[in-house]
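Below is one structure, written out as structure tokens; the observations come after it.
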Amino acid sequence: MAAEIQPQPLTRKPILLQRVEGSQEVVNMAVIVPKEEGVISVSEDRTVRVWLKRDSGQYWPSIYHAMPSPCSCMSFNPETRRLSIGLDNGTISEFILSEDYNKMTPVKNYQAHQSRVTMVLFVLELEWVLSTGQDKQFAWHCSESGQRLGGYRTSAVASGLQFDVETRHVFIGDHSGQVTILKLEQENCTLLTSFRGHTGGVTALCWDPVQRVLFSGSSDHSVIMWDIGGRKGTAIELQGHNDKVQALSYAQHTRQLISCGGDGGIVVWNMDVERQETPEWLDSDSCQKCDQPFFWNFKQMWDSKKIGLRQHHCRKCGKAVCGKCSSKRSSIPLMGFEFEVRVCDSCHEAITDEERAPTATFHDSKHNIVHVHFDATRGWLLTSGTDKVIKLWDMTPVVS
């Protein structure tokens, strides 16, 4: 008797289009060339490469250029084909690429930092080159004259840099976990505010100028969405990685956030839902459910002749509870907890199946990601890994 085979439900996942291999060291940054089947990469092996797809279907370098120092970061402007490369020795080197992407012409060098350049950003509208370095300096230069316009000393080494052209606000995330917002003028800057939300260093920043929302990724494995435009101080946590978050990209047309981590995970978050802030954890000397004393509350332990318990916290209500009153686990996707977390028994009963419906999808890139670039027009994602490989993905099955 033949058994009926039930068709498997189709799982929507990114489609691997191409592996681009050949770098001797880690590719620190790379971008997809718009309107071309090409990739520009800068690597720790000191090379700048422009990879174009050949008739064979493989990507081969049309440009292979050796720099005097390892390449730490880059910024590419498609309109002018201007490529700004940050180097380990503190220099930013600028090139113009030819229309056919077969030649790069040196333009100028900026002696921007005393040590490794960590981030570089070319702003076409203002003709500015913004950068951060391991010397804890943020600097901006005029790309026309090459002159340094100003600088600001950050509290720690910066690892995230974003700029809003309309307001001239610059966002700097650093290794201490702090995010700093500066207002830039032509030759001076004003500190507007700084804030912290991560328990680890900030590893990535992403700015959405339409919703006026800043996303920060951290070595504490979390992503935080900061509502800058709302002016209410709202911060939404997203917990979906098992290792440090290395890169962020936002798809404005679908309101989806792509976060990638050292765990190889590509997480696509639906940001078109009404998310909730996680509550502050409350302090108490005894369980706020059963009133059992916690182990440091000697007086109540002595008076009630009870052994002190360890304190836990419910992730939904924030109350201090004992292990017995928080024995259950649940995901709370609208609070950013896509994995199961500790909740008190009463909150567990109150959470509905609708509230447990996931708001993110999880995918495995099969390499530890150090950098990503998203091409929204084609729906392609580039990931660069510690395995020295660049991968190109078609994200349209999951970003739509």
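Cβ coordinates come from backbone N, Cα and C, glycine included.
Over the repeat 'WD 1' (22-61), the average per-residue pLDDT in this prediction is 94. According to Swiss-Prot, the repeat 'WD 1' annotation covers 22-61.
Remote same-chain residues near the repeat 'WD 2' (66-105) are listed as 25, 28-29, 31, 33-34, 36, 38, 40, 42-48, 50, 52, 111-122, 124, 129, 131, 133, 135, 141, 143 (criterion: CB distance under 8 Å, separation of at least six residues from the stretch ends). Under the heading repeat 'WD 2', Swiss-Prot lists 66-105.
Counting same-chain residues at least six beyond the ends of the repeat 'WD 3' (112-150), those with a Cβ under 8 angstroms from any Cβ of the stretch are 72-75, 77, 79-80, 82, 84-92, 94, 156-163, 165, 168, 170, 172, 182, 184, 186-189. The repeat 'WD 3' annotation in Swiss-Prot covers 112-150.
Marked as repeat 'WD 4' by Swiss-Prot: 153-192. For the repeat 'WD 4' (153-192), the list of distant contacts is 118-121, 123, 125-126, 128, 130-134, 136-138, 140, 198-207, 209, 214, 216-218, 220, 226, 228: same-chain residues at least six beyond its ends, Cβ to Cβ under 8 Å.
Residues or ranges marked as repeat 'WD 5' by Swiss-Prot: 197-236. Within the repeat 'WD 5' (197-236), the DSSP-based counts of helix, strand and coil residues read 0 helix, 21 strand, 19 coil.
Annotation comment: Swiss-Prot describes 240-279 as repeat 'WD 6'.
If you look up Swiss-Prot, you'll see 281-352 marked as zinc finger, on the strength of sequence analysis.
What Swiss-Prot records for CYS287, CYS290, CYS322, CYS325 is Zn(2+) 1 binding site. Sequence-distant contacts (6 or more apart, same chain, Cβ under 8 Å) of CYS325 (Zn(2+) 1 binding site) comprise CYS287, LYS289, CYS290, CYS344, ASP345.
The Zn(2+) 2 binding site feature in Swiss-Prot is assigned to CYS314, CYS317, CYS344, CYS347. The C-beta environment of CYS314 (Zn(2+) 2 binding site), restricted to residues of the same chain at least 6 apart in sequence and closer than 8 Å, consists of VAL321, SER326, ARG342, VAL343, CYS344, CYS347.
If you look up Swiss-Prot, you'll see 364-399 marked as repeat 'WD 7'. Outside the repeat 'WD 7' (364-399), and at least 6 residues removed from its termini, the chain residues within Cβ reach (under 8 Å) are 12-21, 23-32, 34, 39, 41, 43, 51, 243, 246-249, 251-254, 256, 258, 260-266, 268.
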Count of other CB atoms lying within 10 Å of the CB belonging to CYS287 (Zn(2+) 1 binding site):
22
By a simple count, how many Cβ atoms lie within 10 Å of the Cβ of CYS344 (Zn(2+) 2 binding site), its own Cβ left out?
26
CYS325 (Zn(2+) 1 binding site) in three-state DSSP notation:
helix
Secondary-structure category, per DSSP, in which CYS317 (Zn(2+) 2 binding site) falls:
coil
Quick one: of CYS290, CYS317, CYS347, which of the binding-site residues has the smallest count of other CB atoms within 10 A?
CYS290
Tally of helix, strand and coil residues over the repeat 'WD 1' (22-61) according to DSSP?
0 helix, 22 strand, 18 coil
Let me check the 10 A CB neighbour count of CYS322 (Zn(2+) 1 binding site). How many other CB atoms are there?
22
